[in-house]
């Protein structure tokens, strides 16, 4: 509720900003609020549904994918045609027209464009901010009426036991999210730029390739909602990392072939879709995921989203003939292939509490057998 309220404040204030410092502060408020939402939303889903949180986690992250896929399309629809309407003079210049007339006409067209776009963006921010304010209000109502549920969740959380290698698992999952989210954002950001020089695609074909990646990503997250009801999270992670490894291998070595690029992009986007929510559902089966652990997951994802695209952009600028984007996808996929079996092995190591319970049950069985009583009689 607080994170959505903070986002609402930032959205209401951004259209009225006249100073870059104030805009930076409001954008920082929105970024911090979204970080809280990422952490709190995952933990809230785990605390609410527990062992049955798999489909709900997939639905939560499916909403992220739908927003990422639909928002640029809606923005282009809202802004489409503005330049052609408001810049006829700038596009159809005539050398016989005096420079002063051109300058005045361009200035008036620019002011008209700013006024038109300002009105559109103002209403966009107001509508989205109002919607988030309503959602924040409903969350505050749920919070005020959920004290007994919070007490029950705290009591059940105290009964849960941590895995033997709890902190090692959290750290490895931190690294895995760093690689996964970094590779996802890198590929989605640079595939358009990559497709034109390396695959010699036209601009509309490169844009369609970008849409294929995000469309497959969103569609697979939608399908994963139903798959999570009948598949274990570990199974979904295994299918995802195998698909990403195979597709990134094809993209790295057979990207010159158009069919390989199209199919590999679609499979890579679909394979990347379920790793994040499935990993959180999977780790919750073996150890307790509290707010601190979930925040580390989000921090790892945010660092990967910030660092890996920057490094890839720098390297791609220095080595123009090397497909750095595809090699990055291959390396990160190989790391996830190594990390998940290691985490699975560590997660299944019996902890001290498990060994104590096993010894107590064996002692109890021995006492019952010595006394000649079965469990029902006892």
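Note: Cβ is positioned from N, Cα and C throughout, glycine not excepted.
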Task: Of the residue ranges 99-121, 122-144, the one that TrEMBL records as transmembrane segment - done: 122-144
TODO: Go through the chain and flag residues at least 6 beyond the ends of the transmembrane segment (237-255) whose CB is under 8 A from any CB in it; none is fine as an answer.
DONE: 198-199, 261, 263-265, 267-268, 270-275, 278-279, 282, 323, 326-327, 329-330, 332-334, 336-337, 340
Open item on the list: Under 8 Å between C-beta atoms and at least six residues away from its ends: which parts of the chain pack against the transmembrane segment (122-144)?
Closed with: 1-2, 4-5, 7-8, 11-12, 14-15, 78
Open item on the list: Which residues of the chain, 6 or more past the ends of the transmembrane segment (261-282), have a CB below 8 A from one of its CBs?
Closed with: 42, 46, 53-54, 57-58, 60-61, 65, 173, 176-177, 180-181, 183-184, 187, 191, 195, 199, 209, 212-221, 224, 227-228, 232-234, 236-237, 239-244, 246-248, 250-251, 254-255, 289, 294, 297, 301, 329, 336
Open item on the list: Is it the case that the transmembrane segment (165-192) and the transmembrane segment (20-47) touch, counting contact as three or more CB pairs under 8 Å in which the residues of each pair are 6 or more positions apart?
Closed with: no
TODO: Using a Cβ-Cβ cut-off of under 8 Å, list the residues of the same chain that are 6+ residues beyond the ends of the transmembrane segment (20-47) and lie near it.
DONE: 2-7, 9-11, 13-14, 53, 56-57, 60, 153, 157, 280-281, 284, 289-291, 294-295, 297-298, 301-302
